Each structure stands twice: as structure tokens, then as C-alpha cells.
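Undergrad: Please find one structure pasted underneath; my questions will follow.
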Amino acid sequence: MLFGCYSVLQPFLRDEAVAKGLSLTAAGAIFGCYEVAKVSCSLFIGSRLSLIGARWCYWVGLVVLGTSSFLFGFLGEIKSGQWFLGLGITVRVMESVGAAMAMTANYAIITREFRNEAATAYGFLEMSLGLGLVFGPLAGGGLYQLGGFGRPFFVFGPAAVILGVWAFFTLPDDDKDEKSSQHGQVLQILKKPVAVLEYIAVFILYFGIGSLSPTLGRHLENVDSKLEGNHVMIGLAFSLIGLTYSCTVPLFGLLSNKLNLNKVQVIVGLFVSTLGYTLVGPWIPVTSLYPNGEGASWSIYLGSCTLGIGSACTNVAVMADRLLDATASGLPDDMTTYGSLSATFETSMGIGDFSGPIIGGSVLDSYPFSTLSGVLTGLCLGDVSVLLMYLTIAHALRGRTSGYAPMIHVEKDYHSSSKG
């Protein structure tokens, strides 16, 4: 429901904004502003989650999210582009506050309840969130064609409120004795370079997917004129990302829990995402392979599936790796640490979601889509290169003192060495 409310407007907001005289950059701002308050609130809530209460944050966040989404549905009646932009940003920021509360609490509750199988639990949690990316754009495009601008929000908003009320009555109470006094853990979490590189990977993935929000619809229409104005098929391109994400992320969670090769998994996921952006773009070096020189709808849909797989592979590995590393480094194994880890992950994701739509819309205002694809491909390969370099150097330094060990096992001795 969280990602459903976020993504329900992806297929049609661009057209609404342009019809009211706004640019693609302005449309991207409506998408991206969602993350500004979300990032700020996530950091605040995460570091104090044991004091505030995860259960309270979750159900109140859902109610705020649903109410704001419902109110957004009335903005379709506004004729002025500037008023639409201003009120749209205001309501989306309100919605993002609720999302920050619910999401931060969500990850922390899952970690607490399934501590010994955290990676597997993260996989199934991300599967549920991914279903929002599947259902949101498809339902949003369909409801928009059936009932106009307001219909998607009048369905998703009340549903989120109902879910929040249900959570109030069903979630277990918080442990009142768990009141950690160790705050300010985010800086401790980010002390290690590998942590920064992994969170950069999360940022890149969400920056890339976010940049597609205001741009992919027009790109689809450019490569296939039959899709012009077909909001359901445009929504399908977004939904395929969420569908493949949802189908594969539990498997990657199980793989992470079983093998504990999380850093290798992060790198593999970034490589797969690189392929996805190349197919969606297409990246400039391969545009000549397409008859029209711009791409094809089948390639975009295939690329969307590939992006979902790559994101699933990377995200669950980062969450699991950061939890193992944080507790191995001496941070308390309690709700405050879980909240700080959740907030740091949410911040990386939020900054990417915020900057992606704005920069993506701005790039497409002046350059072809293949330029944006090239930028996204380069970011993925850049982080892979630095991460590989860091792990190789770290492995070589350990090898001098502990003897030769195959590179693939750098994961398994990493956490034990971090305690020293």
C-alpha cells in the first residue's frame, strides 16, 4: 500500500502537468518532493524509534499517508498550473511524512520479529513493497481512464487509512523496557567505506528508477506511436519493474541468508541493473541496433524486468550486510540500531527518489532519452568499479596476515574481522 500510493500517479501525472502548462522538470518536482520530508523524518524517527514506539509510528503513518493521498485526488479540478504545482508539492510532502513513519517502523519491526532470519524476512517484506509498484501504476492508469484524475486517489487513500486502523488493533505492543540511550548511530554506521559504497548503490538504483517516472512514458510513445495516450500500457512498463522485483527478491533474501555473500550479491545486482538501463535507453552505443535508432517497446519492457531483478539482488543484500556489520562492530542489537539502519537505508533510497525525477525530467527537456540511459549506466558501473577496488584491496591486506583465501570468501571473514 505504501508504494501503491506513491506510484499510482506515475502513468498520468506527466500528462496532467503538461496539460496545465507545466514542464517535465516541474512534473518531476511533484514526484521528487515526496522524498524531501521523507528523508528528514526518516533520520529523526529512526534514531529515536525506541522512544517513539514502532507500532505507533506504523499505524499513524499509514493514516497520514492515506488521508494525504485522498486529498491529492481533488487537485485535478485546479486549472492553474502554478496552483497545481504548489498544492501538489504541499500534499505530497504531507504524504511523505506518513510514508517515512510507516516505512522506518516497518523495517525495524521486521528486524525485531525475525532477527535470526533477517535477510529472508527482508526479502518477503520487499516483495510486498514491490507489489505496490506493480499494482499502483496498473491500477492508477486503469482507474484514471475509467474515472478521471481523482479516482485512483479516492481508492488508494481510504485503503491505506483502513490498513492503518487494522494495524492499530493487530500489531503487538512495543517493549516498554527497550529504551536504548545510544543515539546518533547513523554516523557510526557510515564510518566504514564499504557501508558508504553500498548505500550509494541503493541511491543509484532508486535515482535511476525515479528518473524514469516523468520520462519513461514519453520515451515509450516516441519509440512506439501505438502507445500514445495508452496509460495502461505505459503503466505496465513501471509495473514490470515491481513485478520482477517482487518475484525475485524473496529468492535473493534466501540466498543472502544461506550464503552470506552479500557484497558479491550487491555487485551482481549492479551489473544486472546496468544491462537493464542499456535495454530501456537504449544506451547510445547500441542505438544503431534498432531500426528507428531510438529503441523498441519490447526492449523497454525487457529492460524494466531486468531492472527489477537487479534492484532486488542489490537491495536485500545491502540491508542484510549492514545489519550484520553494525552488530559485529559493537552497536547494540536493539530497536535503536534497527531504526538507525532503517533510516539510513530509507535516506539513501529517498535521496535517489527525490533527485531522480527532477534530474531525469531536466535531462529529457534538453537531451534524448539515450543520454539519460548513458548516465544511469555509468553510475552503476562506477560504483561497481570502486566497490570491487575496495574489496580487492581489503582482501589483499587481509591475505598478508592470514594467508591466501579465495576472493569469493572475502564476505564470510569480513564480519569476523570487523570485530577486531
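Counting starts with 1 at the first residue shown.
Just so you know, glycine gets a Cβ as well, placed from its N, Cα and C.
Nobody curates TrEMBL annotations by hand; they come from automatic prediction.
Reproduced below are the annotations present in TrEMBL:
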DOMAIN    1-397  domain 'Major facilitator superfamily (MFS) profile'
TRANSMEM  56-76  transmembrane segment
TRANSMEM  82-109  transmembrane segment
TRANSMEM  121-147  transmembrane segment
TRANSMEM  153-172  transmembrane segment
TRANSMEM  193-212  transmembrane segment
TRANSMEM  232-254  transmembrane segment
TRANSMEM  266-284  transmembrane segment
TRANSMEM  372-393  transmembrane segment
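Neighbours and distances for these, please.
TA: When Cβ-Cβ distances below 8 Å are used as the criterion, the transmembrane segment (82-109) is approached by residues 2, 5-6, 16-17, 20, 22, 26, 29-30, 33-42, 45-46, 49, 54-55, 57-58, 60-69, 71-72, 75, 122, 125, 164, 171, 319, 335, 338-339, 341-343, 345-346, 350 of the same chain, each at least six residues removed from its ends.
Within the chain, the transmembrane segment (121-147) has long-range Cβ neighbours (under 8 A, six or more residues past its boundaries) at 1-12, 106-107, 110-111, 113-114, 155-156, 231-232, 234-236, 238-239, 241-243, 245-247, 249-254, 256, 308, 312, 315-316, 319-320.
Outside the transmembrane segment (193-212), and at least 6 residues removed from its termini, the chain residues within Cβ reach (under 8 Å) are 31-32, 238, 241, 263, 266, 269-270, 273, 277, 280, 307, 310-311, 314-315, 318, 321-322, 325, 344-345, 348-357, 359-361, 363, 372, 376, 379-380, 383, 386-387, 390-391, 394.
Residues 3, 7, 10-11, 119-124, 126-128, 130-138, 140-142, 145, 209, 212-213, 216-217, 220-221, 265, 269, 300-301, 304-309, 311-313, 315-317, 320 of the same chain lie 6 or more positions beyond the ends of the transmembrane segment (232-254) yet place their CB under 8 Å from a CB of it.
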Undergrad: Most CB pairs under 8 Å with the transmembrane segment (372-393): which of 56-76, 153-172, 266-284?
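TA: It is 266-284, which has the most Cβ pairs under 8 Å.
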